[in-house]
Amino acid sequence: MQSDSIQIKSVEESKISRYIIEYTMKDWLDLIENDVVIVGAGPSGMAAAYYLAKAGLKTVVFERRLSFGGGIGGGAMLFHKIVIESPADEILREMGIKLIKAEEGVYIVDTAEFMAKLAASAISAGAKIIHGITVDDVIFRENPLRVAGVAVEWTATQMAGLHVDPIFISAKAVVDATGHDAEVISVASRKIPELGISIPGEKSAYSEVAEKLTVENTGMVAPGLYATGMAVTEVKGLPRMGPIFGAMVLSGKKVAEDIIRDLRNS
Ligand code: 48H
Ligand code: FE2
């Protein structure tokens, strides 16, 4: 069967498979060693990835799901608008995200546009985002004591409950951007008690102070291990802020600035 109007280049099935495997494996070989591994492609993780990659650091984001955005897509009660307040609007403007002004310094954004353009900005800046991967442990070193990378596994393998060992990925800095559960810091605190991390857990809502506290407390929690976004509220015992996202992108920017400074000084 041949059509006269459209000439689509034919590619054999075996070639399609070869290209996919060959180019995926090239990437994976390159992903073994990184400046920064970010766990979670929510608002804080993607904002961090954008600023880290923009500064020239080799940055990879591992995301458990097959989508970007974390809690953005669900918004509040599944409504498709979210609230952003100054000065976070500057970050969104930089990424070309449309803002509707609700009042001085308070803006409304579409969830789909926010997710898509955050991801596009991080990728265009040079960050790699890999979907369908769950981080379930960290690598550590003694003398000096530090976190030196992560253990990764297919999310599908975990969901199937199969006993499959992970592979290890090294990084000079690991960022927990996993949201409310602070999964990476939680596993590090449990399995490496020498790090001295104790997790008080997030408090109930107090939006007016929560955002400022979350951004201020963003940063290193142990050598090589950083918290951003809602992971900060969990690890530092801060109140939650509800469906407002300014602090998430500001926290992502702050963790990036801290890592850039720390890696330059080391
Ligand atoms: C790989 C993982 C793993 C893992 C989780 O929840 P997120 O959106 O996180 P933040 O902190 O960037 O944003 C929080 C925001 O969405 C929110 O919930 C707010 C502002 N709440 C306020 C309130 O009061 O409730 O994204 C985390 C991402 C998700 O995409 C997860 O799938 C992913 O991380 N993830 N990926 N390995 N172990 N754990
Ligand atoms: Fe939340």
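Indices start at 1 and increase along the chain as displayed.
Even glycines carry a Cβ here, placed using N, Cα and C.
Taken from TrEMBL, the feature NAD(+) binding site covers Ser44, Glu63, Arg64, Gly71, Val135, His163, Val164, Asp165, Met230. Positions annotated as Fe cation binding site by TrEMBL: Asp165, His180. Annotation comment: TrEMBL describes Arg240 as glycine binding site.
Compared over the binding-site residues Arg64, His180, Arg240, the count of CB atoms lying within 10 A of a residue's CB peaks at Arg64. Other Cβ atoms within 10 Å of the Cβ of Val135 (NAD(+) binding site), summed over all protein chains shown, number 25. In this record, NAD(+) is bound by Ser44, Glu63, Arg64, Gly71, Val135, His163, Val164, Asp165, Met230; the longest C-alpha to C-alpha distance in that set is 31 Å. Only Ser44, Val135, of the binding-site residues Ser44, Val135, Val164, Asp165, place a Cβ under 6 Å from an atom of ligand 1. In this structure the C-alpha atoms belonging to Arg64 (NAD(+) binding site) and His180 (Fe cation binding site) are separated by 15 Å. Its Cβ taken as reference, Met230 (NAD(+) binding site) is surrounded by 30 other Cβ atoms within 10 Å in the chains shown. The Cβ of Val164 (NAD(+) binding site) lies under 8 Å from the Cβ of Glu153, Trp154, Thr157, each of these being in the same chain and 6 or more residues away along the sequence. Cβ neighbour count for Asp165 (Fe cation binding site): 8 (other Cβ atoms within 10 Å of its Cβ, all protein chains included).
In the three-state DSSP reading, Val135 (NAD(+) binding site) counts as strand.
The Cβ neighbour count for Ser44 (NAD(+) binding site), using a 10 Å radius over every protein chain in view, is 35. Here the CA atom of Asp165 (Fe cation binding site) lies 29 Å from the CA atom of Ser44 (NAD(+) binding site).
The separation of Met230 (NAD(+) binding site) from His180 (Fe cation binding site), Cα to Cα, is 5 Å. Taking CA atoms as the reference points, Arg240 (glycine binding site) and Met230 (NAD(+) binding site) are 8 Å apart.
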